[in-house]
């Protein structure tokens, strides 16, 4: 009974049934794995995972699990938009390779084979079966071959995968036959194969253990499979090593039984203390909020009183004005009184009364010509501005009490086809359970800033759908329960000027070994835009496999510090053949060693004949090509080489820009003929190396080392 918690599936919360071992080393029932995968695959077509999960009452998923399924569903739908069709509706096996593990709350990559590539945990299955038999000792396992009514079985054959009574066992396993040699055990419903077969190579038995992936493999996996470059050991050696380690650790734990009991006693006291402290904390929190409620109630009462007083005053003024205008009606008020005065025939009496009345009539006439209400009807002056207070209340939380402030690592953070934001805590241990990453686009036109918020369980996050050529501010904070840390320092990163492209491969299209001056150092590099041939140098021209015909595109790369000469840029499909038909004379005085010949007209002809548009890098420097707009001083044309260099090709504008990919600062821009299909081009000489920037993708399968 004490080990029951180890035999419960984290998905269905019941005893394991045909458990599968995930790459993160957690176990989940085979049926649960399929139902979870089907749940988010069906959500792609049904419009949500909630309806799909309702058809699977076996799975008891938390809201966080459903959130992960929704997230994977969105990524799967993105893959579908790029050509992934998904499974057919009548398929019996889900096709997705991503699985939200209910044990470690991570998104696990199951690989190309998906469920079919997972091992069945026969050891755990056997333990579960023994537990079930102990729990249902009164329930007998019946013979599979008796005529009704069946007899109680006395043994089970592991080779036949069936249970027998004594009589049926003798009939089906006669003495002197091959079946008599079958292995039999006590009555059981758990039949496991004698030999564990490789799930990737179904006809091969596993005979090795991969120490990198921590799973059994066959010899074909090691020879040409995904474990070809991994460190493996024999199955017997792995069995011996792991069993010795496990036995030693178990023996150590048993020897510390008294210490464990002492810790249990201490934990019982801590449980009671936690209960008391939590009640005290609830009372203090309630008192704090009651104080806020009291302040708000006072402010509310004062605001309502002010509005009521203003309303009464305005109503009084408007009522008086209405009564005055009511008196201007015939036979009513002032007009009626004036009509009665006009009936007076005595001149002296009439003049005495009419003078004052005439003044009042004139005022009424003027007010009638320019009507204006005596009071405003709007209460715009009484709108309560709570934006600042609302923001403060949104951030209302418990005191951080020493919670470490995370810091965004700008060196590990990248902006390419997507944004990869990484952060770390200054302390040695991670004291946060979850992180909240916020970001917003820097826009001078917007007065108020709206932060977009993402909850992250790890210390990095990939963000997509950011605008090109824009600056974004990022900040992060950590949460441990309800306690949060202060916000980190805001970090501003800029996206590339155009969408990033990714190369699947690069093809070496030409290898040249022709003549060039023997000059060394910066003079050679400064003049290298005219270098095409040489007997002392070797240029390896490489062209990317991705062609660009229209639009605006960006790619980035790193140049090794030891590289002497590297040329980077683009080449047009219309001009590639010129490399094979270049008529430049390698033996002319222009290329003779130390000839001193320097013809400007020859330079002009040579530069115009170049089929490539390239700039030169080398010796940790960036060399601006010679152009009419370039500085005449050679030293002004030399810039420090960025750690990551980016190239932006705008086919619509016919421009090629070279950027410091770290801060997206333009180092040099030139015009380029984009009449043909443009290909990224590289040229390396001698000891030189270029590493293309990899696309930013979500990383799956990052597990703790102690699992």
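Each position is counted from 1, following the chain as shown.
Backbone N, Cα and C atoms are what each Cβ position is placed from, and that goes for glycine too.
Copied from TrEMBL, the annotated features are:
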- 55-66: compositional bias 'Low complexity' (COMPBIAS)
- 591-600: compositional bias 'Basic and acidic residues' (COMPBIAS)
- 193-235: domain 'B box-type' (DOMAIN)
- 342-399: domain 'COS' (DOMAIN)
- 405-498: domain 'Fibronectin type-III' (DOMAIN)
- 483-705: domain 'B30.2/SPRY' (DOMAIN)
- 47-88: region 'Disordered' (REGION)
- 582-602: region 'Disordered' (REGION)
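Long-range contacts of the domain 'B box-type' (193-235) within its own chain (CB-CB distance under 8 A, at least 6 residues past either end) are made by residues 21, 23, 25, 111, 113, 116-119, 122, 158-159, 183, 241.
Secondary structure by DSSP for the domain 'B box-type' (193-235): 7 helix, 11 strand, 25 coil. Broken down by DSSP into helix, strand and coil, the domain 'Fibronectin type-III' (405-498) contains 0 helix, 43 strand, 51 coil. Counted with DSSP, the domain 'COS' (342-399) comes out as 34 helix, 1 strand, 23 coil.
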